[in-house]
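A.B. asks: Handing you a structure now.
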Amino acid sequence: MDHLKAHTNCPPAPYVSLSLTHVSYDASSPYSLPLAYLTLTPLLLLIIYSTLFLSTRQFLILVALAGQLVNEAINYVLKKLLKEARPVLPGLDEAVGKGYGMPSSHSQFMGFWAGVVVVVLYGKLGHRYTAPQRIALSVAAVTLSTLVCVSRVVLGYHSIKQVVVGNSLGYVLASVWWFAVQELQRWGVSGWVLQLWPMKLMYVKDMFGEGPGLKEEWQRWRASGAKKARIGQMPTSAWSDVFRRACDGAHKEELERRPGATDTGER
């Protein structure tokens with residue numbers, strides 16, 4: 001009993017919020033909640049990066065993910081060097097987010113991602129899409145990047161200057177990343193990396209943008225008759241055969257219930 005009493009008198013353990021997924025928003029605002037979900041886009045993109053690599057084992061996706069992480073490391077260093085505080089919203093005593101705010105890591109992440117999408121669309125995947133398709137996909141990526149920046153400002157996590165600097169830096173680093181990837185391939189460094197045992201263990205290959213695309217694979221599948229064999233309906237002749245056997249079985253049972261009747265006589 002004394003032990004329980006002593007335990008009750010202990011000071012409460014310090015509970016903190018996991019800022020990686022914790023988002024504060026104004027519940028009275030009709031658009032704050034959608035923006036709060038939108039601001040979690042970088043986490044979703046990291047999951048997509050990882051899923052794409054595990055499902056395709058493409059070297060370029062792995063390098064893009066590595067570039068994204070290096071981009072985050074650069075942001076961390078810049079925040080420690082610049083030490084610019086986050087803005088404080090009117091009516092609040094302190095900033096919504098924790099740590100320094102310059103440059104915005106979310107905005108820089110999205111700038112890098114959108115930049116990678118654009119350079120890959122016009123580089124490795126240039127032959128897969130028409131010009132209007134490349135423009136539409138590029139505009140979609142840049143729009144999503146911009147909306148995440150807007151969410152950081154509206155939710156009070158960053159100032160406009162912090163998101164503009166972060167987003168712009170992300171685009172610049174994406175361009176540097178693409179140039180570095182091209183040069184490393186030209187020098188044969190990527191080929192050397194692919195010969196390392198971790199790459200062989202994971203069956204990593206450098207064939208991004210080569211071979212048949214999704215549309216071509218789907219067309220091959222249809223042409224091979226796999227649709228009918230796997231998910232199509234049974235052929236009409238097969239249904240007719242099933243129906244005929246069922247009728248023959250029912251007729252045979254009827255004959256067995258009639259003493260002295262034969263199949264030939266009844267027919």
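Don't overthink the numbers, they just go from 1 along the chain as shown.
Placed from the backbone N, Cα and C atoms, the Cβ positions cover glycine too.
Annotation source TrEMBL lists domain 'Phosphatidic acid phosphatase type 2/haloperoxidase' at 61-178. TrEMBL lists 31-52, 59-78, 106-123, 135-157, 163-181 with the feature transmembrane segment.
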A.B. asks: Please give the average pLDDT for the domain 'Phosphatidic acid phosphatase type 2/haloperoxidase' (61-178) in this predicted model.
C.D. replies: 87
A.B. asks: Would you mind listing the long-range same-chain contacts of the transmembrane segment (59-78), meaning Cβ under 8 Å and 6+ residues beyond its ends?
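C.D. replies: 46, 49-50, 52-53, 102-103, 105, 108-109, 112-113, 116, 120, 124, 166, 169-170, 173-174, 177, 181, 190, 193-194, 199, 204-206, 208-209.
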A.B. asks: By Cβ distance under 8 Å, which residues at least 6 away from the ends of the transmembrane segment (163-181) in the same chain are close to it?
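C.D. replies: Non-local partners: 60, 63-64, 67, 71, 74-75, 78, 102-116, 118-120, 123, 145-146, 149, 152-153, 190.
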A.B. asks: For the domain 'Phosphatidic acid phosphatase type 2/haloperoxidase' (61-178), jot down how many residues DSSP puts in helix, in strand and in coil.
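C.D. replies: Output for the domain 'Phosphatidic acid phosphatase type 2/haloperoxidase' (61-178) reads 83 helix, 0 strand, 35 coil.
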